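J.: Structure in structure tokens, see below.
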Amino acid sequence: MSRTLQLAEQLISRPSVTPDDAGCQQILGERLARLGFTLETIESGPADFRVTNLWAVRRPAGTAPTKTLVFAGHTDVVPTGPVEQWTSHPFTPTHRGGKLYGRGACDMKTSVAAFVVSIEEFLAATPDPRLTLALLLTSDEEGPGVDGTVIVCNALAARGETIDYCIVGEPTAVERCGDMIKNGRRGTMSGKLTVHGVQGHIAYPHLAKNPVHAVAPALAELVAINAAGGWDAGNAYFQPTSWQISNFHAGTGASNVIPGSAVIDFNFRFSTESTPESLQKRVHAVLDAHGVDCTLAWTIGGLPFLTTPGELVSAVQAAIADETGIATELSTSGGTSDARFIAKICKQVVELGPVNASIHKIDEHIDVAEIETLKNIYKRTLERLEASLIQ
């Protein structure tokens, strides 16, 4: 059994459902300490939702110019769902047909294990590197995300810590490890629209005000804008901005009562061609044009970010090609990740991890061979970035 697989199984066996780290960071910290890393645990959150974060850093000796590479990830996992629906216990690492099964097998305990072992092997071959190496781990990525990576990033920014490169171990591959990496992500912004009406008997509509009827034309216009790609056209790196309704609540459940209010939840996934302010302005303009009596609350989950081809992207692409022969695809598709927080303090951020087909599912799994492939890609990236410093 490879050292990467062994460590991955150790981590998978820990039931670290958000926000519980379940000792994962202690296992990793002990290995990093032996490599000369300085460890800092940053806890955050209320007593009933205590989050554990780890910042581990190894700085080179001497005064030669250095650059900092951070491996970022999370030790928490999503809930298992009904355990009885799993073929094997979700927190008992199990091998079947060349695959490793368990919660976190893809998202993202194998990535974290590959991070650590790649560093161990890199330092064994290059004991005094010019690179500053760091790991940022949290137990609050799969949850609200307010006491995890963002807390560490804010602390690093406050102390003036410089981060040049960051690799986030999110599962990004589609069919084979390395076939896709994320060099950016769309922004996310949610709205909660409360439409005010007057409740009444359905037989006496003149004595009531139906909020569903009132908002329907405005929603139809917003849907039409979205269907026509009318928010923006996107660009070479980003798909056009998308708007979707996620929930619509109205009524008492009775069939003879006009509801007194309606609540609609919606979300934008937006490109760099739009801003939160521009999208908010357009939505409000539509609502105002239809005379909708409403209250609208906005939540910005993250701004779009993009790492254009440069030192980090080139190093990762070359590492993937050397290890797998794949010409990797750069993408900004999909949901959000903690990379949105890191991008505020680091200009070059990419996400690179295993195949994502089974993440968050019953019987989550990864091809065993892919684990070593990922570790080797990380190590080759380290080697290339180190070589760029000494040229």
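Placement of Cβ uses the backbone N, Cα and C atoms for every residue, glycine included.
What Swiss-Prot shows for this protein is this:
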BINDING   His74, Asp107, Glu170  Zn(2+) 1 binding site
ACT_SITE  Asp76  active site
BINDING   Asp107, Glu142, His360  Zn(2+) 2 binding site
ACT_SITE  Glu141  active site, proton acceptor
J.: What are the other residues, in sequence order, whose C-beta lies within 8 angstroms of the center of the C-beta atoms of His74, Asp107, Glu170 at the Zn(2+) 1 site?
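T.: So the additional residues around the site are Gly73, Met108, Ser111, Glu141, Glu142, Val168, Gly169, Pro171, Ser337, Gly353, Ile359.
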J.: How far is it from Asp107 (Zn(2+) 1 binding site) to His360 (Zn(2+) 2 binding site), counting Cα to Cα, in Å?
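T.: With the alpha carbons as reference points, the distance is 8 Å.
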J.: To the nearest whole angstrom, state the Cα distance for the pair the residue listed as 'active site' and Glu142 (Zn(2+) 2 binding site).
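T.: Just about 7 Å between their Cα atoms.
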J.: Out of the binding-site residues His74, Glu170, His360, give me the one sitting nearest to Glu141 (active site, proton acceptor) by CA distance.
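T.: That would be His74, nearest by Cα distance.
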J.: What kind of secondary structure is the residue listed as 'active site' part of, going by DSSP in three states?
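T.: In the DSSP reduction, the residue listed as 'active site' maps to coil.
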J.: Between the Cα atoms of His360 (Zn(2+) 2 binding site) and Glu170 (Zn(2+) 1 binding site), what distance do you get, rounded to the nearest Å?
T.: 13
J.: Determine which residues of this chain, when Asp107, Glu142, His360 are set aside, have a Cβ within 8 Å of the centroid of the Zn(2+) 2 site's Cβ atoms, and list them as they appear in the sequence.
T.: Val77, Val78, Gly104, Met108, Ile359
J.: With every protein chain in view, what's the tally of Cβ atoms within 10 Å of the Cβ of His74 (Zn(2+) 1 binding site), excluding that atom itself?
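T.: Other Cβ atoms found within 10 Å: 32.
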J.: Tell me the coarse DSSP state (helix, strand, coil) of Asp107 (Zn(2+) 1 binding site).
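T.: Assignment for Asp107 (Zn(2+) 1 binding site) reads coil.
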J.: Please list, in sequence order, the residues in the chain of Glu142 (Zn(2+) 2 binding site) that are at least six apart in sequence and whose C-beta is under 8 Å away from its C-beta.
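T.: Correct list: Thr18, His74, Asp76, Val77, Val78.
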